[in-house]
Amino acid sequence: DEAVRGTCEDASVCKRFAVSVGYWKDPYLQYFVRQAKERKAPEINRGKLGWGWRHLTGYYARVHGVSYLIKAFLKKTECSCQIVNLGAGMDTLFWRLKDENLLPRKYFEVDFPMIVARKIHNIKSKPPLSKPIMESHSGDSLLIDSHSLDSSRYSIVGADLRFSSDLEEKLKKHNLDVHLPTLLVAECVLVYMTPQQSANLLKWAASTFPVAMFINYEQVNMMDRFGQIMIENLQRRQCNLAGVEVCRSLDSQRERLLLSGWETARAIDMMKVYSFLPQAGLQRIEALEFLDEKELFEQLMQHYCICWASKDSSSL
């Protein structure tokens with residue numbers, strides 16, 4: 001688990017660097033993550049883990065692609081919904097949605113207790129993080145301890161996603177409402193669980209909420225040579241992709257969602273997501289750094305995807 005927890009730090013540092021260069025705006029990330037002392041944007045180059053613009057541009061597509069789907073869900077439900085961010089790490093979405101007046105009725109985050117403890121420490125010690133939580137809170141006093149935080153609009157829960165009964169119990173303690181339209185988000189999370197463990201989580205979500213959507217950002221096309229290099233790079237850091245066999249193709253990604261009880265499922269690779277993004281934004285970020293070896297960028301983007309599934313008893 002230690003290597004998996006380490007990916008939270010890697011991703012956060014990478015995002016912080018991307019924000020500092022100007023790829024997108026996130027005024028809250030600075031309170032969770034130290035600034036990288038050097039260029040930090042991992043890419044795969046000649047079989048080694050290097051640093052370069054391609055991964056930053058990949059992050060740009062990921063952030064905007066996932067955000068597009070989240071906002072579509074919020075719009076459909078008119079924010080009368082809840083969001084459960086699985087393996088949230090140092091994500092700042094709650095604060096950014098509040099700034100845009102797009103908060104759902106309740107926003108939940110779940111991660112390893114150790115990561116949650118660190119996040120809560122930052123929130124408690126930094127007013128720009130704690131103030132928005134207090135502003136959105138109503139009712140009784142806000143509950144906070146070392147591994148959980150519970151306000152009327154925002155909760156952080158320390159739990160292991162491999163045990164869905166424990167997860168459900170903790171979320172219900174923090175006022176999860178199974179009758180409310182629910183959006184579950186997992187970014188590079190399921191791949192660190194065995195196929196059986198991630199299937200259990202997906203089945204739990206599909207059977208618990210009558211109206212729900214699941215967004216999964218993850219690796220895909222991992223059986224080719226490029227995918228094998230990605231796996232080897234992570235293995236060198238003792239980071240095992242326990243669920244990589246489900247990342248064979250876009251079809252296998254869709255199939256796992258449908259077999260877990262979701263009614264509809266779609267999946268597109270990140271190159272396609274990138275091509276859908278507004279041209280003005282792409283031109284701006286492509287001007288930030290010299291774009292070399294476009295073919296390598298395309299290969300990298302074809303090895304990640306966004307999948308989304310829905311269950312909709314009320315024809316939303």
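Cβ from N, Cα, C; glycine included.
Copied over from TrEMBL, here are the features:
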type    : residues                   : note
BINDING : R62, G87, D160, L161, E187 : S-adenosyl-L-methionine binding site
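Long-range Cβ proximity for L161 (S-adenosyl-L-methionine binding site), meaning a same-chain Cβ under 8 A and a gap of 6 or more residues, is found for L86, G87, V110, L167, V189, M193, Q197, L201. Within the set R62, G87, D160, L161, E187 that the record links to S-adenosyl-L-methionine, no two Cα atoms are more than 24 Å apart, and one pair reaches that distance.
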